[in-house]
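**Q** Below is one structure. I have some questions about it.
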Amino acid sequence: MLIETLASAGRSCFAAASLRRFSRSSAMAKSKFEYVRSFETDDTCLRNCYIVVRLDGRNFHKFAEQHQFAKPNDDRALGLMSRSARSVMEELEDITIAYGQSDEFSFVFKRTTTWFKRRASKLMTHVASQFSSSYVFYWKEFFGEQPLLYPPGFDGRVVLYPTNHNLRDYLSWRQADCHINNLYNTVFWTLIQKGGLTTTQAEDRLKGTLASDKNEILFSEFDTNYNNESAVHRKGTTLIWEKRNETVSKRIKRPNEEEQQVPVTRSRRKVEAYYCDIIGDQFWEEHPDVLEDDT
């Protein structure tokens, strides 16, 4: 019995010694190769700046044609873009506002965010991957049985804006772009679909025209007031967090009483969509919590 005990103790000591040698050799091997981390770029975003991640559909003209999107606007596609953006915001709650139009969406992280240690590459890739996977995941919700022929792609970029003024100018720029593009596309496709022109003829007709000229073509030739077009087409989609009260039933049992269903009101944050002007002051005055105070 004593001999067996000594043998067992010897094996344990040998195993422990082997484990220590293995750990030391593994640590040495690891440290030998760790120098490769020095090639990584420090892409930490500057503090006290809004971090904007903008996504754009890659080669979406072809994608829209292959999937037979309606012209000039396909409400299914716009709805899917908004649903995908909502998914991103629900995953990354430090996004304070998002704005989208056509095949692009911009996501604004609050100035004080510490998500992913403010690394630009981490933020951009997480937003892009969440958005792309959501686009595929929710496809059937908007397009029904129409098949998704191939995976969509979205490229991303990161831009920092230090002040509220800079950020508002950026968002105003994107909404102005929405207006310019949508007005052109509305007139262009009206000339083709209702006016019988070819694409080349429509392009020639619109060369050198101003916004007022395009509005006049719609109104005088097709009895269409551009201002009556859908706001989501003219203004794009703005997503923000808002608190909403909701009432639910809760089962409560008091002493010496039967269990009862009692209505309970609670406050929850939800992503809400707006299709309105964000260039002027009204939107920002009505939603002061979107922006942080400049310091």
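Here the Cβ of each residue, glycine as well, is placed from N, Cα and C on the backbone.
Automatic, uncurated: that is what TrEMBL annotation is.
Just so it is clear, the model here is predicted, and its values are computed rather than measured.
According to TrEMBL, the protein has these features:
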DOMAIN    33-162  domain 'tRNAHis guanylyltransferase catalytic'
BINDING   ASP56, ASP103  Mg(2+) 2 binding site
BINDING   ASP56, GLY57, ARG58, ASN59, PHE60, HIS61, SER102, ASP103  GTP binding site
BINDING   ASP56, GLY57, ASP103  Mg(2+) 1 binding site
DOMAIN    166-280  domain 'Thg1 C-terminal'
**Q** Can you tell me how many other Cβ atoms are located within 10 Å of the Cβ belonging to SER102 (GTP binding site)?
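**A** I get 20 for this one.
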**Q** What number of additional C-beta atoms lies within 10 angstroms of the C-beta atom of ASP103 (Mg(2+) 2 binding site)?
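**A** Its Cβ shell of radius 10 Å holds 20 other Cβ atoms.
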**Q** Give the residue counts of the domain 'Thg1 C-terminal' (166-280) per reduced DSSP state, in the order helix, strand, coil.
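**A** The counts are 56 helix, 31 strand, 28 coil.
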**Q** What number of additional C-beta atoms lies within 10 angstroms of the C-beta atom of GLY57 (GTP binding site)?
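**A** GLY57 (GTP binding site) is surrounded by 21 other Cβ atoms within 10 Å.
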**Q** Which three-state DSSP class does ASP56 (Mg(2+) 2 binding site) fall into?
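**A** Looking at the DSSP assignment, ASP56 (Mg(2+) 2 binding site) belongs to a strand.
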**Q** How big is the Cα-to-Cα gap, in Å, between PHE60 (GTP binding site) and ASP103 (Mg(2+) 2 binding site)?
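**A** About 7 Å separates the two Cα atoms.
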**Q** Considering all pairs of residues in ASP56, GLY57, ARG58, ASN59, PHE60, HIS61, SER102, ASP103, annotated in the record as contacting GTP, what is the maximal C-alpha distance expressed in whole angstrom?
**A** 13
**Q** Give me the CA-CA distance between SER102 (GTP binding site) and ASP56 (Mg(2+) 2 binding site), in Å, as a whole number.
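**A** Counting only the Cα atoms, the answer is 9 Å.
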**Q** Work out the three-state DSSP category of HIS61 (GTP binding site).
**A** helix
